[in-house]
Amino acid sequence: MLSPVSIHGLLTTLLWMCVLCNAQSDSGSPVIQLRLAGEKRKHYEGRVEVFYNGEWGTVCDDDFSIYAAQVVCRELGYLDAESWAPSAKYGRGEGRIWLDNVHCTGAEKSLAQCESNGFGVSDCKHSEDVGVVCTQKRIPGFKFIKNHANSDEGMTVQVEDVRIRATYSHRKRIPITEGFLEVKDGGKWRQICNEEWTEMNSRVICGMYGFPGEKRFNTRPYKLLAKRRKKNYWGFSVNCTGNEADLSDCKLGHEIELKGNNTCEPGMPVVISCVPGRAFAPSVSMGFRKAYRVEQPLVRLKGGAMIGEGRVEVLKNGEWGTVCDDNWNIQAATVVCRELGFGSAKEALTGARMGQGIGPVHMNEVLCSGFEKSLTDCYFNRDALGCSHEEDAAVRCNVPAMGFHKRETWYWQGDASADAVVMSGVRCSGTELTLDQCLHHGKHVLCPKGGGRFAAGVSCTQTAPDLVLSSQVVEQTTYLEDRPMYVLQCAQEEHCLSSSADKADSTSYRRLLRFSSQIHNNGQSDFRPRAAHHSWVWHECHRHYHSMEVFTHYDLMSLNGTKVAEGHKASFCLEDTHCDEGIQKRYECANFGAQGITVGCWDTYRHDIDCQWIDITDVKPGDYIFQIVINPNYEVAESDYTNNIMRCRSRYDGHRIWTYNCHIGGTLSSDTEETFPGLLTNQLSHR
């Protein structure tokens with residue numbers, strides 16, 4: 001006869017065997033569920049976590065490979081894997097380390113089918129937790145299967161796609177901000193029951209669609225529509241906390257009993273209603289927008305190729321600075337995106353991926369909950385020691401679908417058989433969403449049909465250079481020199497002197513304001529002259545080629561912005577004078593070499609070379625503004641033109657000159673920069 005202790009032991013053994021039995025798939029391998037967790041910078045990456053035997057655990061990085069990453073990503077419904085990361089890149093997990101020494105061929109349907117030491121057999125620590133980066137694209141027709149042995153806790157939402165399906169009356173509105181929510185699972189679009197739906201769930205969906213927040217709506221018309229429509233519900237509820245950047249980060253709720261059209265009684269399908277950001281609001285409110293002055297923002301994006309992306313910059317004590325990427329993650333990035341009127345973040349970027357900023361690094365080790373109104377409300381370390389601009393943080397935000405048509409345009413002459421020219425006289429500031437929002441001639445278009453040789457064209461790129469002048473070098477090197485006309489013959493031929501020099505005697509002197517220019521390329525691609533080698537102009541006087549006829553403008557202006565003296569600098573020699581450590585020089589002018597400025601390098605024009613001056617011979621003593629503009633005619637595309645202009649205050653007493661308070665456009669608050677006409681908008685007067 002068995003003792004009570006023996007019976008208890010036998011029952012425990014049988015129960016354990018039953019659990020193991022239930023945790024086996026039809027193929028004989030254990031049934032598991034996966035999720036991506038940890039400190040993410042985009043929603044389709046993270047620490048690999050495995051749900052097995054009623055408990056979440058991690059995977060050790062020993063012997064892990066891209067083939068194993070592919071199996072993980074496909075099991076989660078992603079098309080493929082981009083890469084994998086060892087050594088707890090996404091933070092250290094908790095609980096068991098379920099798998100170690102994982103060997104996959106890449107053809108397995110589940111990570112559980114790959115060879116390993118066996119579940120729970122590991123000598124690893126959580127400092128070795130492995131992570132993966134999946135491709136953003138989902139597997140067409142992917143169907144989520146929840147294993148019945150698993151509990152609801154901790155499972156993430158895994159669907160092929162999500163959409164807001166507008167009603168007929170809302171479909172013509174751009175952007176679409178309201179409609180029934182549908183998820184695509186198993187190749188079919190399905191509704192979600194609203195019985196346990198929350199505002200936090202709606203907040204996440206709105207963020208995915210490029211909207212900063214959700215709002216209330218009139219439920220009556222949707223109830224009437226829902227009664228008339230055949231419904232096809234998804235079999236699960238959703239549980240978001242509200243700070244997730246994507247629905248795939250939300251937890252899966254409990255299963256819903258599917259009973260055809262009777263499912264979700266007495267509820268109805270979920271309806272989403274979102275608030276668009278200021279830039280995307282319907283044009284009806286334009287009149288109201290103009291009536292109020294926009295407050296000075298505390299956060300901005302710079303250097304991005306697309307709207308809703310760029311280097312994060314914050315305003316502190318009237319000066320713009322950057323954010324160090326230590327601990328930079330998708331929660332902090334989402335706070336930035338929502339603050340600026342976009343949705344949640346697609347990606348938190350590190351390592352100055354959107355170019356290096358200038359000025360101070362204002363924030364470091366930023367920690368946000370995801371619900372802050374501004375990045376400046378988040379916890380951060382004010383001590384940015386050790387942070388350089390090579391670590392500037394950036395973001396890519398979700399933006400609303402505005403229904404823009406993608407049209408291809410080219411540089412060659414237009415075809416006479418093409419459609420009539422629809423626009424002319426187009427002038428844009430660069431912040432517009434479409435050409436329609438730019439100034440133009442309206443209906444009065446005078447160009448011939450097809451445009452002929454006047455047909456406009458573009459060449460698009462995802463990256464661009466960003467030239468920034470060192471204001472400190474200019475301020476430290478300015479001085480006056482009186483130079484005789486007889487040694488300025490070449491400079492006069494190249495129009496580097498004021499017009500009064502044309503009548504000046506060869507024995508007379510010109511008073512020159514000299515200075516050095518140090519021009520950095522802080523962008524993401526090299527700065528190259530638009531003109532090809534064969535079209536460069538040879539100047540016999542100086543024995544050199546001009547790759548850009550005008551590279552910089554130098555001007556002295558009165559305090560009200562009127563020019564009193566001017567000069568220009570042809571870029572006869574664009575080259576890498578010096579580079580940051582580890583960067584190789586690529587451009588050198590000698591022997592008709594390639595001209596340009598490499599990313600991370602700078603070109604220095606010394607104060608003692610011709611035309612590196614302003615002729616102030618005719619200028620009276622007084623207070624002035626000294627201005628330098630790089631790439632003034634916008635001949636070469638840059639990611640940011642606002643920092644192409646530099647201004648200083650100058651005082652001239654007729655014998656000496658003092659130059660002070662030099663700064664780059666866009667580096668100070670709007671209130672400060674209003675004291676420098678034109679600096680805020682970079683609206684330059686035409687020469």
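Glycine is no exception: its Cβ is also placed from the backbone N, Cα and C atoms.
Disulfide connectivity taken from TrEMBL links C114 to one of C104, C124, namely C104. When the candidates C60, C73, C206 are compared with TrEMBL, only one is recorded as disulfide-bonded to C134, and it is C73. Among C368, C397, the one TrEMBL lists as the disulfide partner of C378 is C368. Ranking the disulfide-bonded residues C104, C134, C240, C250 by how many Cβ atoms sit within 10 Å of each one's Cβ puts C134 at the top.
Under DSSP, residues within the domain 'SRCR' (164-275) fall into helix, strand and coil as 28 helix, 33 strand, 51 coil. Shown in sequence order, L79, D80, A81, V132, C134, T135 are the residues of the chain, 6+ apart in sequence, with a C-beta less than 8 angstroms from the C-beta of C73 (disulfide bond). A C-beta separation below 8 Å, combined with a sequence spacing of at least six in one chain, links C124 (disulfide bond) to C60, D61, D62, I97, D100.
Comparing C368 (disulfide bond) with C240 (disulfide bond), their Cα atoms are 17 Å apart once rounded. Around the Cβ of C114 (disulfide bond), the same chain contributes A68, V71, V102, H103, C104, T105, E108, each under 8 angstroms and 6 or more positions distant in sequence. Fewest other C-beta atoms within 10 angstroms, among the disulfide-bonded residues C60, C368, C378, are seen around C378.
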